[in-house]
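So the structure is just underneath, and the comments pick up after that.
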Amino acid sequence: MRLLHTMLRVGDLQRSIDFYTRVLGMKLLRTTDRPEQKYSLAFVGYGSNPEQAEIELTYNYGVDKYDLGTAYGHIALGVPDAYAACEKIRAAGGAITREPGPVKGGNTVIAFVTDPDGYKIELIQRDA
Ligand SMILES: C[C@@H](O)C(=O)SC[C@H](NC(=O)CC[C@H](N)C(=O)O)C(=O)NCC(=O)O
Ligand code: NI
């Protein structure tokens, strides 16, 4: 088996496509509209399966927000410099909700950004 994608339900597909592409630098890989099932999909990522895992953004017609509840944690992205990444994201209008710095109790530099629906995205500083 291999990890293919993570699906997130979003309240505004174009708003999310803009965030994941313009703010986080991902590509819009493909879209699907299923009017009979009343939903649309947009796959975003830094590349396509199988080389890269993807995020499947799901828009249900007429549903503009979700209660994320307490179960969802985050999706993690590797970045060579978390500090520079956060400045770039902030300059593009993204919300940095945890400033870059060592993880509590450890040394790995992390930061968190929140997407337009409130999903947290962790940035983990890793050598390329
Ligand atoms: C393309 C593939 O990765 C999918 O996940 S499509 C699967 C399909 N998705 C939806 O129906 C999304 C809308 C739904 N209202 C929701 O919010 O989950 C799915 O789950 N189909 C069910 C089936 O039995 O085919
Ligand atoms: Ni899926």
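Cβ from N, Cα, C; glycine included.
Pulled from TrEMBL:
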DOMAIN    2-126  domain 'VOC'
BINDING   Glu56, His74, Glu122  Zn(2+) binding site
ACT_SITE  Glu122  active site, proton donor/acceptor
The domain 'VOC' (2-126): DSSP-derived helix, strand, coil residue counts: 21 helix, 52 strand, 52 coil
Other C-beta atoms that fall within 10 angstroms of the C-beta of His74 (Zn(2+) binding site): 14
Listed binding-site residues adjacent to ligand 1, that is, members of Glu56, His74, Glu122 whose C-beta is under 6 A away: Glu56
Neighbourhood of Glu56 (Zn(2+) binding site), C-beta criterion under 8 angstroms, separation at least six: His5, Thr6, Met7, Leu8, Leu41, Ala42, Phe43
Stretch-averaged pLDDT - the domain 'VOC' (2-126): 98
Glu122 (Zn(2+) binding site) CB neighbourhood, other CB atoms within 10 A: 18
Binding-site residues close to ligand 2 - of Glu56, His74, Glu122, only those whose C-beta is under 6 Å away: Glu56
